[in-house]
């Protein structure tokens, strides 16, 4: 029976959008929200309100509802579950018909699902925990410009993680000194170097000058070592037009890879750039600057696994994922859950990793996970074990903080990486025997011995804020 508020012309959402008997279709887009309702609001009503506001609903009855098939287009909350260890919150599972979304548009999906409902008064807090994209939608998205295998073929690097470094200091260097730092790191043994997220085109270093000096450094290191090298040239800019101009110049210089800050620049810019990279044979490295503003609060926002899925659809060949062991936030199980979403063709539901739905990616190429942030040689065994071969391990301060300089720091990391990969291939337990593996390798590498001594006391032992809700 309708409530008094419904009689007064205000929607009782539960009557229309709470459908516990509904069985989701393979073509439905599924969402899991963590909901904390306002005091006095029943769970079913709060969940239905989320389904309504993120699909077809409005606050009152309108006569134009009669001009379309609301039963076909509405979002449906089909299940509610308790959140382990939190009596105030619950999970709301909502199914959305595919026709609510523009083909190939991550922008439209996010606008619908999180664009307005997060300010809704019926809920105290709201978090989008996971999405299940149907294959029918995935097939309309371009995805990564190259993918993992094509990147390995382009760079001729197989059987191990790639080794990288963010140039430090991230701001303040002249273009010439910046290029010199790139050259030393690549000559010393790194595969890739990187612009930091906030180096664009500042007065101390205009982008075109940086690109030219970096290209010279990459070409020189490639010629001297006989290995294919690269540097992520950050093309992020204030306008899409300027971004594309920078991308075109990187291509003219013969560089293999460019970089983009996908959250601060936006998904429209990112998809535009990814499509261009696909058409022009360029690799695309993605930085997640601003992600923690959105995903770190365990009760409100969007979990990073959702952002990672959206990035795979929008397009990128690398994505920063945290390190588990370094200075940045990252629960191990949860991190592995969204790393799987980046790389695998099919990811089964696994609540122990925060995966709420089976996700079939079809034939969409994978994205390399990038571990970066407060890591050094002592972390190498754990990083190789956690992230596996299809990853980029980036040591910024852990390369350039070496007492012997950038080239020595790069050499130390390269020796450590190859020692860990060799030990793993021999069946050794990297996380249990890692210290011994590194010390043995250091007997034949002065650079590694110095690095091990330099960073032997450095740890980041803060607890994770955003932990998995498991019983």
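Note: Cβ is positioned from N, Cα and C throughout, glycine not excepted.
Record check: Swiss-Prot places 116, 166, 170, 320, 372 at the substrate site, and the matching candidate among 288, 296, 343 is 288. Calculated from their C-alpha atoms, the gap between residue 320 (substrate binding site) and residue 197 (Mg(2+) binding site) amounts to 11 Å. Looking at residue 288 (substrate binding site) and residue 194 (Mg(2+) binding site), their Cα atoms lie 14 Å from each other. Same-chain residues that are not part of 194, 196, 197 yet have a Cβ within 8 Å of the Cβ center of the Mg(2+) site turn out to be 166, 167, 170, 195, 198, 199, 232, 234, 259, 287. For residue 194 (Mg(2+) binding site), the same-chain residues 6+ apart in sequence whose C-beta sits under 8 angstroms from its C-beta are 164, 165, 166, 167, 231, 232, 259, 285, 394.
Ranking the binding-site residues 116, 166, 372 by how many other Cβ atoms lie within 10 angstroms of each Cβ puts 116 at the bottom.
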